[in-house]
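Undergrad: Below you'll find the structure I mean.
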Amino acid sequence: MSSVSKADRKAALDVASWFFNVVTSVGIIMVNKALMATYGFSFAITLTGLHFATTTLLTVLLRWLGYIQGSYLPLPELLKFVLFANFSIVGMNVSLMWNSVGFYQIAKLSMIPVSCFLEVVFDKVRYSRDTKLSILLVLFGVAVCTVTDVSVNFKGFLAAVIAVWSTALQQYYVHFLQRKHSLGSFDLLGHTAPVQAASLLSVGPFVDYWLTEKKVYAYDYSVISVFFIILSCTIAVGTNLSQFICIGRFTAVSFQVLGHMKTILVLILGFIFFGKEGLNLHVIVGMVIAVAGMVWYGNASSKPGGKERRIYSAPSNKSHKQELSGSTETDEV
């Protein structure tokens, strides 16, 4: 009975984690779309810096209240993570600027095979045939409903490669650092958010000026635009936390595959709030295929042998004994 209740509790927490991530991610996309498209605040890097500054304030408050305990993260690993994360943020924005929307979407889809490659190389993950096929089905479905015009140039391709690999490495590192150093989601955010906030707010205005030829301090701030900036920063705290929770509980690959549900929801909400001219039969078909692939992936990867990896072992006698007792474990979805 206790094992059943424990499994039910874990399943409920898994669902709650995904729901939290989907709601906050879709929410911040819609708020930022309104902020940038309607009110002309096109300073994405600076805005992301403000997101992490807000997250930093919350982690400081929670640590002061005693909800976050002291933890340790080696400086080289912290700097490596921040480097990957910041290259991901800048790279994605540069890729969007230099590439067509179609190639940008293809680059985003390629994060899944890159994340799979990282798990195979570093974690010795083995995927079953059904798991591989379900991932391909998700990729195909999302491509059908998002990829339109595709044109590429050398500098755009280079930006996309940097963006994809840095994003995949950053997400892999979230899972890796939490497991290696026994860090909770807020613990890891408490280490990384201040450094990301400081670095992005330092270089953000210059990168934004390079991307948009507009200066953030010259923007015509109004009450409503400041409200949307504050709302974006508030939701971003949940987005940052939920990303760390989901990747920590699952893996970067699962986060990418099931995370495309957010792509589908953003498309649907975009049609509802920003016009329906892009809604047609092939988009609807692509959505259905992608959702079917996600359901298949969840089922296939949760079966024995669907997705297995070597147990990560810390340098201790206890973990050494655990490693001797078994060399593989099934990943959670």
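The backbone N, Cα and C atoms fix where each Cβ goes, glycine too.
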Undergrad: Pick from 78-96, 154-172: which range has transmembrane segment per TrEMBL?
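TA: From TrEMBL, the annotated transmembrane segment range turns out to be 78-96.
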Undergrad: Should the transmembrane segment (253-275) and the transmembrane segment (12-31) be scored as in contact, given a threshold of at least 3 Cβ pairs under 8 Å and pairs 6 or more apart?
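TA: By the criterion, they touch.
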Undergrad: Sort out for me which stretch, of 12-31, 43-66, 78-96, 133-151, 219-241, has the most Cβ pairs below 8 angstroms to the transmembrane segment (281-300).
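TA: Ranked by Cβ pairs under 8 Å, first place goes to 133-151.
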Undergrad: For the transmembrane segment (43-66), I need the partner stretch with the highest count of C-beta pairs below 8 angstroms, choosing only from 78-96, 133-151, 219-241.
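TA: Looking only at 78-96, 133-151, 219-241, the most contacts with the transmembrane segment (43-66) come from 219-241.
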Undergrad: Give, as a single whole number between 0 and 100, the mean pLDDT over the domain 'Sugar phosphate transporter' (15-297).
TA: 86
